[in-house]
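Taken from TrEMBL as is:
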type	residues	note
TRANSMEM	A:23-45	transmembrane segment
TRANSMEM	A:57-76	transmembrane segment
TRANSMEM	A:102-121	transmembrane segment
TRANSMEM	A:128-148	transmembrane segment
TRANSMEM	A:168-190	transmembrane segment
TRANSMEM	A:220-240	transmembrane segment
TRANSMEM	A:252-269	transmembrane segment
TRANSMEM	A:301-318	transmembrane segment
């Protein structure tokens with residue numbers, strides 16, 4: 001048994017299979033929830049609802065996938081929700097001012113990426129613990145966004161731009177295609193590139209990683225920048241789907257994103273987890289919230305349930321790892 | 001002597017400059033640019049408005065000293081404030097309202113402590129989870145609406161005076177005295193230093209670090225209950241988002257006050273000065289008609305700068 005847990009950290013091959021088992025359990029859990037919901041609610045299995053679940057899950061996944069990389073390094077990014085809000089508001093303004101969706105998209109991605117990079121600088125150069133640095137950033141971004149918007153709402157964007165979030169291609173919502181693309185890129189990057197493997201190594205043992213010549217600070221900068229850029233991407237999807245932007249749109253996004261990462265089996269202590277697991281995590285969380293919605297539970301219950309899920313997910317993760325040792 | 005045996009007592013001479021300089025600079029700045037800042041009425045206003053934050057920042061200092069964090073404090077304060085409003089509205093009794101707030105706050109604090117100490121969940125994630133839970137419960141018990149029409153006995157808590165001093169300030173000073181006595185003059189206080197500095201030593205001394213840790217978080221929750229009473233009295237209502245984000249001001253006050261996030265030593269007087277610094281910053285920005293959004297961002301910058309300086313000092 002001890003050999004397995006050691007191998008889980010070192011050679012890539014064997015931890016993939018370990019992770020495959022973990023992902024399999026989570027897929028089973030997702031199917032189980034689907035079965036329960038199908039019994040409890042007539043409308044759950046309707047095509048409209050399933051597409052809705054997928055679209056909602058994809059939004060959570062975009063934020064959570066970048067966050068997964070951060071958590072793999074044993075860090076945390078609490079600023080993602082606030083980053084989505086700021087990026088959406090700035091991208092929305094650019095589209096309004098210039099009339100060019102492409103320019104708006106680029107600005108949104110850049111804004112998210114720059115915020116992520118600043119997080120990375122605070123964590124690496126200033127050596128502030130990541131959860132505090134990004135928590136400070138959360139409030140800085142919140143303040144900036146509310147100040148910038150001054151209570152205004154941006155709405156009414158070009159029809160072409162709105163297709164990104166609300167359009168369909170061959171019967172599937174466009175965000176679902178984006179989800180598949182980023183799921184593929186994220187998985188390939190984490191499992192099949194040197195940089196990805198170095199990120200796992202940093203999370204498993206930062207000292208060993210540094211001693212073996214991995215440029216730890218540069219890789220950390222990268223993961224925080226990626227997390228920020230993915231928040232920027234989510235802001236574009238959000239903007240085009242809602243067809244509006246307000247300063248408060250990010251407030252309910254951070255906790256679900258963290259929940260998706262943790263349900264997906266990525267360990268808070270770093271070095272263990274997969275981007276695919278996070279996708280399943282986003283799916284499970286969305287199914288639960290969707291189910292509550294279908295069973296006419298008030299939306300007021302959502303933060304309570306999400307909070308409980310976060311704690312349960314961490315507790316389960318710690319329990320299974322303790323048993324593995 | 002006992003404190004010195006467990007951890008080195010923080011050297012106040014090294015610390016006073018940091019937070020005192022911040023405070024003096026802020027006061028000088030706003031005296032120069034904000035009309036009316038230096039008036040007695042305004043300064044006493046700053047102090048009265050800082051009382052709720054004091055109630056949160058003092059226990060937050062203890063929690064951070066144990067290398068912990070409580071992100072749920074603002075949401076729990078919101079919930080206890082609603083409990084005070086709802087119970088005092090139903091029973092017409094301020095004391096029963098306070099009792100309900102204390103009970104709910106202490107319960108949340110105990111759950112936080114249990115998650116951190118017994119289940120071993122990292123504090124920032126455990127309390128992020130309970131933040132969501134408290135926020136959800138606030139929405140559920142209030143159905144998203146304000147609770148209005150609370151009795152005078154609650155409202156008077158905020159406006160009453162004792163020997164000419166506003167009652168909230170008296171409460172804050174008493175709280176500070178209690179925390180100071182608790183931390184520096186009791187065994188429990190010594191144990192708190194040990195929780196952050198040397199947990200093994202506690203175990204060898206035959207004490208249960210887990211129970212102590214739960215107690216520290218429970219105190220934080222209970223203080224959020226008392227602060228909930230002040231919040232309800234101040235707003236003359238209960239509101240489902242009233243205290244959200246206040247934990248950040250508390251963390252800011254602790255960080256500016258020189259308590260370290262990584263070495264398990266804390267300084268209560270520094271926290272008190274930090275609370276006043278945050279209060280002065282918000283009040284001054286308010287006087288030069290900066291919206292609350294700019295105040296929030298400024299507090300965020302203040303925290304990052306304070307932590308950066310803290311990091312520099314720990315490496316020096």
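In case you wondered, yes, glycine gets a Cβ from its N, Cα and C as well.
Counting Cβ pairs closer than 8 Å and at least 6 residues apart in sequence, the transmembrane segment (A:102-121) and the transmembrane segment (A:23-45) reach fewer than three and form no contact.
Tertiary proximity for the transmembrane segment (A:252-269) is limited to same-chain residues at least six positions away from its ends with a CB under 8 Å from its CB atoms, namely 19, 22-23, 26, 60-61, 63-64, 67-68, 71-72, 74, 76, 78-82, 84, 138, 203, 234, 276-282, 284-285, 289, 302-303, 306-307, 309-310, 313-314, 317, 321. Between the transmembrane segment (A:168-190) and the transmembrane segment (A:57-76) there are 3 or more Cβ pairs closer than 8 Å, counting only residues 6 or more apart in sequence, so the two stretches are in contact. Count of Cβ pairs under 8 Å against the transmembrane segment (A:220-240): among A:57-76, A:128-148, A:301-318, the largest is for A:57-76.
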